[in-house]
Amino acid sequence: MESARLIQKALLVFLLLTLSVSYVHCQATRVGFYSKTCPRAESIVRSAVQTHYRSNPTVAPGLLRMHFHDCFVQGCDASVLIDGPNTEKTALPNLGLRGYEVIDDAKTQLEAACPGVVSCADILALAARDSVVLTNGPNWQVPTGRRDGRISLASDTTNLPGFTDSIDVQKQKFSAKGLNAQDLVTLVGGHTIGTSACQFFRYRLYNFTTTGNGADPSINPSFLPQLQALCPQNGDTTRRVGLDSGSENRFDASFFSNLRNGRGVLESDQKLWTDASTKNLVQRFLGIRGLLGLSFNVEFGRSMVKMSNIGVKSGTEGEIRKVCSAIN
């Protein structure tokens, strides 16, 4: 009888431990994580982003893109911020990232207010949200509680979505991170703000095909000369061009209208319209009659929260960096 009671007790303890571990795992991040340990954390980050945005509006799309690039490699752990040879920062897809100074500024202020408490990964997640808000985009609650990673390798960036990727390849890369086709279309919609360098799409404008005018046939014929004027065949490859023509500084759904009208700048973006499997989702964001509409603002916030929880480090994993560009 005594042994049976001991077995029952042991099973109960095991069950409680299992439940608590599951709960902690599910609750790796939560809204208001710093409400007691650093109550001003979110307002400090918001203020830093606002200050830098006022003097340089390009930091907004820069921070949004940086958060995306961080989450797709090693999870959302600020590994993209680490300096050094052969780190993620040095990889080709990350050479155009901007906004590091905003993260550093916010971190300096947070270390003065609450030393060793707020992670760089959380600063980046909050700064991405604040950047969208500043460009007239939606606001959403950002779960926090991420810890910073200790590994950053340029060789790990091969799974970042690329500008020539087919929709199938893009879907595979997103699916590997737990994101579906709707998340893909929604998050690529973040290209409503920001620019790209000519080097990433100029090949579409000249000698793309051996027939017709030589350009990518999915480019609207009236849009082609505009792009060619901005990116001459032998011109400056680093020149920046807005990804959402006519609205690159404002967060809105016009990006999807441009795709419908053959005015997507990146090949991978325009394919969202030319590929039947994603075209339906673009149409739903456009509110086309006969389809169940989707609110871009609502869905963007949802997909951002989902993405920001990729590979999160918590508990005893990782660390809280003192300086975002260096491992402790």
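Using N, Cα and C of the backbone, Cβ positions are placed for all residues, glycine too.
In TrEMBL, annotation is done automatically, which means it is predicted and not curated.
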Query: Looking only at Cys71, Cys76, Cys114, Cys120, which is named in TrEMBL as the disulfide mate of Cys38?
result: Cys114
Task: Return the single candidate from Cys71, Cys76, Cys120 listed in TrEMBL as disulfide-linked to Cys324.
output: Cys120
Field: Using Cα positions only, nearest of the recorded positions to Glu88 (Ca(2+) 1 binding site) (Cys38, Asp244, Asp252)
entry: Asp244
Message: Tell me which of the recorded positions Cys71, Val73, Thr192, Asp244, Asp252 ends up closest to Cys114 (disulfide bond) in space, Cα to Cα.
response: Cys71
Field: In the chain carrying Cys324 (disulfide bond), residues 6 or more apart in sequence that have Cβ under 8 angstroms from it
entry: Ala78, Leu81, Ile103, Asp104, Lys107, Cys120, Ile123, Asp148
Message: Return only the integer: C-alpha distance in Å from Thr192 (Ca(2+) 2 binding site) to His69 (active site, proton acceptor).
response: 17
